[in-house]
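Each remark here refers to the structure printed beneath this line.
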């Protein structure tokens, strides 16, 4: 029941807060001492219960006439910080369960498959629980389209059915409780089933490095900047694209079609990148969505077209989210070769990736919400102004196509192709063998002295 403008403000401020907390959490993780649970796992274990509580409070409606915006803003920022404490070490585990590029790529494919599948599950749970509460639409007066959004909201609020709103509020809280329970279950499975390999971990620096020194080293690495820039724009394109489902009344089913399509095609893209290379897979996978996005704008809206676009978009979503994550370990290997004496920055690399993942989600929601607000979208209205339909067409066609083209241009500048990846792998193996032989000779010399 918040005005769309305030909802957008909360989303934007939350993402700005992420810009501060994500790299800070990555830095603190890099300075964490080894425990019997590892270095990364304690962050996951101890952040989980607090994240679940804050998530539940996001959906709780406080019984206060003023200050609701501040309530949601505070708990939204707290939740995002705690999710960072989970997601950064969770993502960075890829680097610390194996040193082999092929094994890390395989682990990334499995991780992204289950993440997308989790999105499908979350969408289904939320949709089924909340969807059982029937909230009737409100016939808007003829003049309501001519008034501003705050006046429209005030008029609509006057006609809301109190009992229906209470049932809706309770349904959202039940859904939050169920999803919070799944959050705890998955964290337990992760902490019990995954072990960090101490010999694979290079998380701790040999020499203390300040936060700003580490941040400067990471952000001055050209390959990393080009990769996250391409990742930012392509991810934003597909996040904005998700608002297309609002055009029809079957939003939950269409969203599930997109996510299921992405889940099923991630193994295909994993095979494709091993066969043809990661950069080629990026160009083919992400650009394949462009014709279907154009089709949305050109053809009249109908159920068949909508589902075709959903499946096609899911195929491209799989490539857009799998490939940049599988390319990140290659960037870290390249960084290690260029800075052989500087260790322990892996978590900072992953923290910015996590930030941009959440940032694109928040920005896309903010763009969609503000655009609909300016177009005159009426909450719970039985009908919408014609400007709303035009705005949605732009959000699901022209805007994503432009972002995809810009992202592909940035990926073109990304310097690590398959040949360079093989050279980096060989160079890292030589460095490790040289380091091991040097360590063995030092031990032999020390033994002879003793």
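Backbone N, Cα and C atoms are what each Cβ position is placed from, and that goes for glycine too.
On a predicted model such as this, the values are computed, not experimentally measured, just so you know.
Here is what TrEMBL says about this protein:
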COMPBIAS  425-435  compositional bias 'Basic and acidic residues'
REGION    425-450  region 'Disordered'
TRANSMEM  40-61  transmembrane segment
TRANSMEM  73-97  transmembrane segment
TRANSMEM  171-194  transmembrane segment
TRANSMEM  223-240  transmembrane segment
TRANSMEM  280-298  transmembrane segment
TRANSMEM  304-326  transmembrane segment
TRANSMEM  347-370  transmembrane segment
TRANSMEM  390-414  transmembrane segment
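Residues 37, 41, 44-45, 48-49, 51-52, 55-56, 58-60, 86, 90, 93, 97, 118, 121-122, 125-126, 129-130, 132-133 of the same chain lie 6 or more positions beyond the ends of the transmembrane segment (171-194) yet place their CB under 8 Å from a CB of it. With pairs at least 6 apart in sequence, the transmembrane segment (40-61) and the transmembrane segment (223-240) have fewer than 3 Cβ pairs within the 8 Å limit; the two do not touch. Here the transmembrane segment (304-326) has Cβ contacts under 8 Å with residues 91, 104-105, 108-109, 111-112, 115-116, 227, 230-231, 234-235, 237-238, 241, 244-245, 247-248, 250, 254-255, 257-263, 265-266, 268-270, 273, 278, 281-282, 284-286, 288-289, 292-293, 295-296, 353 of the same chain, all six or more residues outside its ends. The helix, strand and coil residue counts that DSSP assigns across the compositional bias 'Basic and acidic residues' (425-435) are 11 helix, 0 strand, 0 coil. Panel annotation: around the transmembrane segment (40-61), residues 25, 29, 32, 68, 72, 75-76, 78-79, 82-83, 85-86, 88-90, 92-93, 96, 169, 172-173, 175-177, 179-180, 183-184, 187, 190-191, 194, 196, 203, 347 of the same chain, lying at least six beyond its termini, place a Cβ under 8 Å from a Cβ of the stretch.
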